[in-house]
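The feature compositional bias 'Basic residues' is assigned by Swiss-Prot to 1-10, 20-32. Summarising the annotation, Swiss-Prot assigns compositional bias 'Pro residues' to 603-612. What Swiss-Prot lists as domain 'N-terminal Ras-GEF' is 49-172. If you look up Swiss-Prot, you'll see 201-432 marked as domain 'Ras-GEF', on the strength of sequence analysis. What Swiss-Prot lists as domain 'EF-hand' is 466-501. Residues annotated as region 'Disordered' in Swiss-Prot: 1-34, 162-188, 593-618, 638-673. The zinc finger annotation in Swiss-Prot covers 540-590, and the record cites sequence analysis as its basis.
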């Protein structure tokens with residue numbers, strides 16, 4: 001290396017040039033325009049500078065708002081400060097107290113020289129109710145103070161002031177509202193719109209999930225966000241709790257749909273389909289549902305399924321890893337934030353991340369300065385973030401939604417399983433291997449349930465409405481001739497949309513014709529949904545009081561069935577035996593025998609061995625499901641997707657099954673007859 005090359009190399013390795021006094025020179029932006037967010041921040045800071053450098057008192061803030069109006073009700077200058085005060089005052093001052101101060105100022109403004117001031121106060125109150133009508137409806141105390149204010153205006157004000165208090169002038173804009181779903185095909189059309197999960201296109205499923213997500217996100221009000229930030233919980237905020245519950249329901253629905261398949265290859269097909277759905281959600285910029293779907297796919301109960309993941313293609317595995325990296329919590333969701341900032345069209349945020357930002361901003365700065373004045377920069381920062389979320393609620397999702405598919409998804413998401421049940425099903429599908437397994441290629445599970453414990457369950461009325469909507473959609477598309485029935489083949493396919501809810505609950509065909517009526521399908525879905533949603537109705541066993549000819553033990557308490565006749569109960573389908581007082585506490589699912597008859601077998605007929613609670617077993621074996629949880633074997637297994645086994649011939653709609661919870665499976669057994 002010669003001397004010239006050495007100098008050139010030393011210049012290349014030289015650090016960034018520094019300015020005077022050893023300070024690094026800041027990078028300059030050449031020929032670039034500021035972003036809209038930067039412009040809004042500068043405008044807001046300029047407006048705040050007109051008030052005070054760091055803050056102002058409550059009286060000064062009220063005076064500034066009053067002076068924003070002229071005699072005609074027009075704004076004299078920009079409305080940023082006014083809107084910020086009206087939207088954010090409730091964070092530091094109750095709205096009823098704020099309105100009471102305005103009432104006091106109105107009463108103190110007496111004399112002919114104060115008519116303009118009174119008129120300005122009336123314009124301020126009217127503007128407040130026009131721009132923020134929800135505040136009065138959600139605060140009874142504020143509504144009472146506002147009523148006293150307008151009553152005072154009616155008594156002491158002039159005709160112009162009284163006209164502002166007219167009820168017709170108090171507008172109540174409700175926003176654009178949720179998008180209108182696309183109308184379903186009419187009865188006269190001779191084609192079917194598929195309501196089957198296997199037939200749904202990934203893009204179609206992603207669009208409908210986006211519609212449900214946007215409808216839930218659009219219902220959240222600024223008051224809900226304020227209550228969450230100040231209280232630290234979604235309790236007491238129905239709309240926010242519903243949004244959180246929807247995300248958690250989608251995540252668990254993904255897990256249950258994967259685990260509903262009996263074989264590894266079939267589970268891999270569902271995994272691959274949901275990976276494609278996640279990619280479509282990313283294209284739609286629906287990050288909240290994307291977080292839920294990806295979180296469900298990366299949940300440890302799913303990622304541990306080595307045999308199932310072995311059937312995935314390398315491209316699918318790579319796509320899942322990329323989605324996991326995108327939504328990972330590393331560096332405060334840095335990759336998600338960069339992707340979010342680059343989205344310009346329709347987009348839905350990860351609500352938990354943005355609520356976390358609001359909480360951090362609220363906790364980082366005080367509400368008031370040491371001298372008692374309000375800290376306006378903090379209120380303005382919170383206001384700007386709330387405005388960003390409010391602007392997102394004015395969007396319109398791309399595409400149209402089918403009302404029928406929305407009914408199907410709504411009822412599917414109503415079905416609820418606990419975390420323990422999902423884990424137990426995962427271990428039942430692929431039991432633990434005693435040999436050491438290679439480490440999982442997936443990252444740590446995403447934190448999807450940012451509000452743990454939020455698992456809203458639909459009440460009976462809501463569930464019934466969802467079922468009626470779905471039945472209407474089913475007959476609209478699968479009975480175009482209006483005969484009032486659907487075929488058994490269509491019913492078998494439809495039942496596969498609901499993981500585990502339909503297992504063992506197939507009603508008899510209508511009048512033996514091999515078809516199902518509207519009433520039968522409604523009753524079937526109500527029972528299946530109630531079972532899966534844990535609303536108090538259980539179906540696992542069909543017990544019948546019998547007389548045992550040989551010593552028999554109770555499956556629930558392991559006690560002996562004493563007596564001469566009718567010592568206990570036996571399930572007509574699986575042969576499980578128990579005491580009269582134990583039949584409501586049986587915790588073993590009903591596994592129907594291939595040769596089970598509808599009527600009870602003779603008392604002297606042999607009964608398969610009934611297991612008793614084992615002494616010791618891992619927690620992963622404590623099964624509590626309404627379907628067979630046996631690992632994959634060569635035996636015949638009924639499957640809700642493939643419908644490989646015909647419906648049970650002895651199902652009786654008038655029979656009310658007795659509640660029975662699930663219990664740990666056992667290895668030891670005792671003979672009973």
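From the backbone N, Cα and C atoms, a Cβ is placed for every residue, glycine too.
Applying DSSP to the domain 'N-terminal Ras-GEF' (49-172) sorts its residues as follows: 90 helix, 4 strand, 30 coil.
Per DSSP, the secondary structure of the zinc finger (540-590) breaks down as 0 helix, 13 strand, 38 coil. For the zinc finger (540-590), the model's average pLDDT works out to 77.
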